[in-house]
Every structure is written in structure tokens, then in C-alpha cells.
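Here is what Swiss-Prot says about this protein:
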{"type": "BINDING", "residues": "24, 27, 41, 44", "note": "Zn(2+) binding site"}
{"type": "ZN_FING", "residues": "24-44", "note": "zinc finger"}
């Protein structure tokens, strides 16, 4: 039995939850935190986290 195979199909890739990198304010450890996850350092348990800055250039035009 020879079945034809389809090559034009598209695969559905569900969007991954956004993962952000944060720095702990107490110990300085890097933590990856996903959406709906508790904001707490995995090393020391501190709850104050700083979001990492972007690497790309951010420029604003003043008027």
C-alpha cells in the first residue's frame, strides 16, 4: 500500500511562556522567572528582584 505523504503541512508551535532574567537584590544571583511564578530568589529566598536591562540600544528623541 502506497500512501501519499503531504509536505505542505504546517506544524503548530504553541507560544512559550515568557521567561525573564532577574537579579536578586540581596545576593546578586541570576534567576529566571516565568509568568505566574512566585517572585523569590532561588538561592537566598529574598523577594526583591531587579529586571536585567536589554542589551540592544534604546534611544529616545527629545523635543
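Any Cβ shown, glycine's included, is placed from N, Cα and C.
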Statement: In this structure, the one of the binding-site residues 24, 27, 41 whose CB has the fewest other CB atoms within 10 Å is 27
Task: Measure the Cβ-based neighbour count of residue 44 (Zn(2+) binding site), defined as the other Cβ atoms within 10 Å of its Cβ.
output: 12
Statement: Looking only at the zinc finger (24-44), mean pLDDT returns 92
Message: Same chain, not part of 24, 27, 41, 44: whose C-beta falls within 8 angstroms of the C-beta centre of the Zn(2+) site? Give them in sequence order.
response: 25, 26, 28, 29, 31, 42, 43, 45, 46
